[in-house]
């Protein structure tokens, strides 16, 4: 039972920082959708690893053995190579100061132990929860096998003179269970916490949208009818003989264009207000995206921008064709307006990833800062001088009603990528 107690202590060292991260970062009220704080993750991972080393489960010839590699693996999978290697380096550095044999032992093994997490990290966000747990089980068993094999190899070559090798078999059997369990539990908790954070963000956004939609519907209906009357009388007024000369034709165009703009704003309000007006059917979204790209080519050519669409065939989703087409028009139009007038490029790709369809719209435009990315999709927020801030709000609403998600990745002066994920329809 002593060994079970030691493993449970290591479990607490590993799981406690995960809850701390949720409390101090994910629950911040000023962040609607908190971005990953890689520095904080690296600090917590290094601290957990060091605590597991300071209170080992067993010592084999001064080599402190435990679950100290689990936090490093989790950091690699969720925060990237830089954060994971930084956490690993910090852990090894402190071990070199305090527990030199342990540091040398694990330092020689780290390149082999982290190769699987590094290979998986780029695809990790796109894996389903089930697939992540399966890989966690595989990684946990592999790590234990490598550690056990290294003990015998180092002992046979007299690099480390381990004693009581007969107990290593027992330790290996127990370790497989606890290593895999610890990694599975970590990843399961992180996924649940991430889902709760996303759900909270969607709930807050939905509450705001509900208020805005009610206001939009009432205001739009009240204003639309008078505008229609005004437009008719303006056309009638300028049709008179005394107003047919060229000096007044510019006034007519100006008045009518402003009325059309007001009509467009009201239409956007109504689109945002009609949250439940969806006619869903099964259709090939790759054809829809290609059709939308062709539709936007004339507008792109006017702006001297090239639009290319690459798509896998036969990618079906269940949704409202007109609504999704409107969403993609908004996204492509925003990209066209963000790129330079010369050498502007828009690349649209459609592919299947697991049980989702991924549509990515990438431009080589001016890009956005992290602060601007956080505000995207909020009502009335726009980066355009003459925009209403409703286009992306409507787009977010459409995608969310299809049980999908929209996210933007960007950097200043480095372009922007809009990624839309929609559930694939079952054939």
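Placement of Cβ uses the backbone N, Cα and C atoms for every residue, glycine included.
Annotated features in TrEMBL:
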- 218-426: domain 'Histidine kinase' (DOMAIN)
- 7-27: transmembrane segment (TRANSMEM)
- 39-57: transmembrane segment (TRANSMEM)
- 69-97: transmembrane segment (TRANSMEM)
- 103-121: transmembrane segment (TRANSMEM)
- 133-156: transmembrane segment (TRANSMEM)
- 168-190: transmembrane segment (TRANSMEM)
Long-range neighbours of the transmembrane segment (69-97), counting only residues six or more past its ends (CB under 8 A): 14, 17, 36, 38-39, 41-46, 48-50, 52-53, 103-104, 106-107, 110, 113-114, 117-118, 120-121, 124, 139, 143, 179, 182-183, 186-187, 190
Contact set, same chain, for the transmembrane segment (39-57): CB under 8 Å, 6 or more residues outside the stretch: 3, 6-7, 9-10, 13-14, 16-18, 20-21, 24-25, 64-72, 74-75, 78-79, 83-84, 86-88, 90-91, 94-95, 98-99, 102
Mean per-residue pLDDT computed across the domain 'Histidine kinase' (218-426): 79
